[in-house]
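Chemist: Have a look at the structure that comes next, please.
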Amino acid sequence: MQLPKELKYAAIAGGVALFGLIFGWVLFPTILKSQLKKEMALSKKTDVRKMWEKIPFALDFKVYIFNFTNAEEVQKGATPILKEIGPYHFDEWKEKVEVEDHEEDDTITYKKRDVFYFNPEMSGPGLTGEEIVVIPHIFMLGMALTVARDKPAMLNMVGKAMNGIFDDPPDIFLRVKALDILFRGMIINCARTEFAPKATCTALKKEAVSGLVLEPNNQFRFSIFGTRNNTIDPHVITVKRGIKNVMDVGQVVAVDGKLEQTIWRDTCNEYQGTDGTVFPPFVPETERIQSFSTDLCRTFKPWYQKKTSYRGIKTNRYVANIGDFANDPELNCFCPKPDSCPPKGLMDLAPCMKAPMYASMPHFLDSDPELLTKVKGLNPDVTQHGIEIDYEPITGTPMVAKQRIQFNIQLLKTDKLDLFKDLSGDIVPLFWIDEGLALNKTFVNMLKHQLFIPKRVVGVLRWWVVSFGSLGAVIGIVFHFRDHIMRLAVSGDTKVSKVTPEEPEQKDISVIGQAQEPAKVNI
């Protein structure tokens with residue numbers, strides 16, 4: 001038995017609607033998710049792997065230096081008055097070298113290399129890098145703080161060594177060109193033959209102090225970032241490729257072959273999160289994204305703040321801070337002892353960097369308010385000084401990221417060193433960095449054309465297909481039953497009798513009789 005023409009059309013239209021439902025809401029998301037799992041893994045065939053190995057554009061690396069405008073008074077214990085100078089803008093190119101795949105456990109090992117180029121056009125107005133800045137002598141203070149902490153009995157000898165190495169300095173301040181202290185380096189004189197300077201310099205060679213480079217004639221060159229520039233980092237990092245499980249992509253497994261650190265307590269020694277250059281896809285808002293910083297030897301866990309967008313792509317904004325080690329049980333293991341923690345918003349970097357410095361948010365944002373009372377000239381502002389990342393949740397792509405960290409040092413107060421006896425003992429800021437990433441138009445368009453435009457087209461088409469298919473099915477059914485009803489109405493099987501209305505009886509109403517007066521009723 002053949003279906004009527006209208007029902008055939010209705011069946012075809014209904015099939016189209018059903019296809020739209022199945023393809024648009026079931027098959028396409030499944031295909032998309034499967035394809036993304038392949039594309040987001042760090043296999044050699046993917047574009048993500050190429051970008052992961054060598055970011056094809058420069059990051060923004062900005063440095064802001066705090067100039068101490070009243071150094072002479074600070075030497076006598078006064079509150080420092082600071083003036084921020086910056087930004088000194090550098091183009092930072094990042095790549096991974098000595099990359100090796102390990103099929104057996106789905107991991108990759110690599111080392112990092114960063115290259116910095118000073119960009120005066122993008123720096124603050126009129127800044128050339130040749131400006132003289134006045135800051136606490138990081139190297140001198142670092143020596144004193146390290147010895148005071150580890151070998152206080154040797155402070156007297158260190159005092160004599162300082163006089164020889166630094167040529168009898170009048171105070172603990174350094175007056176130096178900005179680019180010299182940041183990258184080019186300043187000379188540390190270790191050519192002295194006196195016992196104290198010679199013994200101290202010998203110890204420096206053995207310790208491999210951060211930021212120190214050995215020069216000819218027994219000299220050292222010291223800078224903050226110089227040893228990082230165009231140098232292969234010695235640490236070997238192992239991360240998951242995500243081929244077997246895409247949710248593991250980029251997860252740090254080991255550093256230098258060790259599955260955990262030994263510098264903190266308990267869970268703070270664990271490697272949690274990715275290496276910060278790639279993240280897993282499909283992360284919901286309720287879940288924190290995690291990244292492990294090899295520079296700071298810790299995991300950061302930004303939390304969701306709000307919905308944002310970047311160049312037409314919807315993103316989720318995540319924010320982070322240093323934390324409160326004393327009152328956050330998850331972070332307390334960063335303290336040497338449970339009841340011995342730095343103030344809120346400070347992290348002791350000595351265990352990680354072998355340098356007696358503290359990390360904080362710029363201008364002591366989200367930190368103990370007491371820190372702001374120890375200096376003048378700071379103005380914390382979350383929009384300028386906060387850590388944030390705008391994250392595309394489907395692909396796990398960081399669209400915009402701003403990592404901002406301030407480095408601080410204690411003005412050591414001790415009677416065993418003449419230069420340090422009148423200092424305040426407070427923690428003061430030295431400089432802060434703003435390392436920024438913003439995907440350029442080329443890569444945003446690539447993401448749009450490969451993912452979001454097809455996704456949007458399918459999103460619109462599925463509604464059109466379902467709507468027109470459903471409408472066609474309804475119309476076909478209506479037409480079928482309408483014709484069926486009409487056929488029944490005119491069919492010979494049903495006889496309809498003609499009804500002739502009865503003519504009403506004609507009455508003569510031309511004469512109306514006179515009405516009689518009603519009878520009277522006596523009451």
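Each Cβ is built from the backbone N, Cα and C atoms, and glycine gets one as well.
Below are the features I grabbed from Swiss-Prot:
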- 1-11: topological domain 'Cytoplasmic' (TOPO_DOM)
- 12-32: transmembrane segment (TRANSMEM)
- 33-458: topological domain 'Extracellular' (TOPO_DOM)
- Asn67: N-linked glycosylation site (CARBOHYD)
- Asn229: N-linked glycosylation site (CARBOHYD)
- Asn440: N-linked glycosylation site (CARBOHYD)
- 459-479: transmembrane segment (TRANSMEM)
- 480-523: topological domain 'Cytoplasmic' (TOPO_DOM)
Chemist: Cβ distance under 8 Å to Asn440 (N-linked glycosylation site), same chain, sequence separation 6 or more: which residues?
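Modeler: Once residues fewer than 6 apart are set aside, Asn440 (N-linked glycosylation site) is near Phe57.
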Chemist: On the 0 to 100 scale, where does the mean pLDDT of the topological domain 'Cytoplasmic' (480-523) fall?
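Modeler: Within the topological domain 'Cytoplasmic' (480-523), the model's average pLDDT equals 52.
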Chemist: Asn229 (N-linked glycosylation site) has how many other Cβ neighbours within 10 Å of its own Cβ?
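Modeler: Excluding its own Cβ, Asn229 (N-linked glycosylation site) sees 17 Cβ atoms within 10 Å.
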Chemist: Could you measure between Asn67 (N-linked glycosylation site) and Asn229 (N-linked glycosylation site) for me? Cα positions, answer in whole angstrom.
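Modeler: Approximately 24 Å lies between the Cα of Asn67 (N-linked glycosylation site) and that of Asn229 (N-linked glycosylation site).
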